[in-house]
Structure formats: C-alpha cells, structure tokens
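Colleague: Let me give you the structure first, and then I'll get to my questions.
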Amino acid sequence: RRIAEVIWDGQDGTAKVIRTIAEIDKHNPENRLNDGKADPRGRLFAGTMGYEYEPGKFYHKKGALYRFDPDGKVHTLAENIDISNGLCWDVEEKAFYYADSFEYTIRRYDYDIETGDICK
C-alpha cells in the first residue's frame, strides 16, 4: 500500500527505500496494490484490491483506483473495485481504460491529459 522511491541494482532481492511518497488504503490495511502505470505525462495511476485470504479468494469491493501526481498529491479516482488491471490510455490521450478483472469488465473514462482527471 506504499508508493516509494527505491534504489535497486536489479541483481539481488534487496532494494533500499529512499523515501515513502504515499500510503493508501489506510482504512483497509490488508489491501495491496495490484496494478500501476504511468500516464503520458508521468503521473502514476495504480489500483488496490482486497485481502486475498486463500488463493483466488479475496474480499470484494475493497479496492480503489488512485492517481499520484509529481507534487506528491494523491487523488482517489474510483472506489468499490474488486481487482484493477490493464490500465491504459488511447493513442489520442482522450480516454483512460481499466479492467475490473473479477467483474470481467473494462471501464472507459474521458481523460484530460493536462490535469490527469478522469470522468464518465
């Protein structure tokens, strides 16, 4: 649930945390990050999911979708998500998509490249 800046040589399993940028889902401390991608301007979009208490079984509708801006601000973009996956933008930079894998749905949002905002 933490977004952090790390130094890692890419060879061993040890990374050194330089700083924590943000911690999310504090109200659901067993949640975890599931998928994340940078938009065309370098803002990080990432989604969480509920605790997986057995392989393939997790608490539903506990996840959320977030945007992390370069200035450190965190924005909640959507809530009540099962599993965020497949984050992407169209080539014209006017639409944002993500899949909720458990619902077998792909959601499309209008996307503002200047602000990083999404809306239906």
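Going from the start of the chain as shown, residues are counted 1 onward.
Cβ coordinates come from backbone N, Cα and C, glycine included.
TrEMBL does not curate its annotations; it predicts them automatically.
Annotations per TrEMBL:
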| type | residues | note |
| --- | --- | --- |
| BINDING | Arg32, Asn34, Glu52 | substrate binding site |
| BINDING | Asn85 | divalent metal cation binding site |
| DOMAIN | 17-118 | domain 'SMP-30/Gluconolactonase/LRE-like region' |
Colleague: Compare the Cα of the residue listed as 'divalent metal cation binding site' against each of the binding-site residues Arg32, Asn34, Glu52 and report the nearest.
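Modeller: Closest by Cα: Asn34.
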Colleague: Relative to the mean position of the Cβ atoms of Arg32, Asn34, Glu52, the recorded substrate site, which additional same-chain residues have Cβ within 8 Å?
Modeller: Asn31, Leu33, Thr48, Met49, Gly50, Tyr51, Phe58, Ile83
Colleague: Of all the binding-site residues here, Asn34, Asn85, which one's CB has the most other CB atoms within 10 A?
Modeller: Asn34
Colleague: Under the DSSP assignment, what numbers of helix, strand and coil residues are found in the domain 'SMP-30/Gluconolactonase/LRE-like region' (17-118)?
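Modeller: Within the domain 'SMP-30/Gluconolactonase/LRE-like region' (17-118) the tally stands at 0 helix, 60 strand, 42 coil.
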Colleague: Sort out the sequence-distant neighbours of Glu52 (substrate binding site) for me: same chain, 6+ apart, CB within less than 8 Å of its CB, listed by position.
Modeller: Arg32, Phe58
Colleague: Could you pull the average pLDDT for the domain 'SMP-30/Gluconolactonase/LRE-like region' (17-118)?
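Modeller: 95, rounded to a whole number.
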Colleague: Counting across all protein chains shown, how many other Cβ atoms sit within 10 Å of the Cβ of Arg32 (substrate binding site)?
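Modeller: Excluding its own Cβ, the number within 10 Å is 14.
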Colleague: How big is the substrate site in terms of the longest C-alpha to C-alpha distance among Arg32, Asn34, Glu52, in angstrom?
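Modeller: In whole numbers, the farthest two Cα atoms are 11 Å apart.
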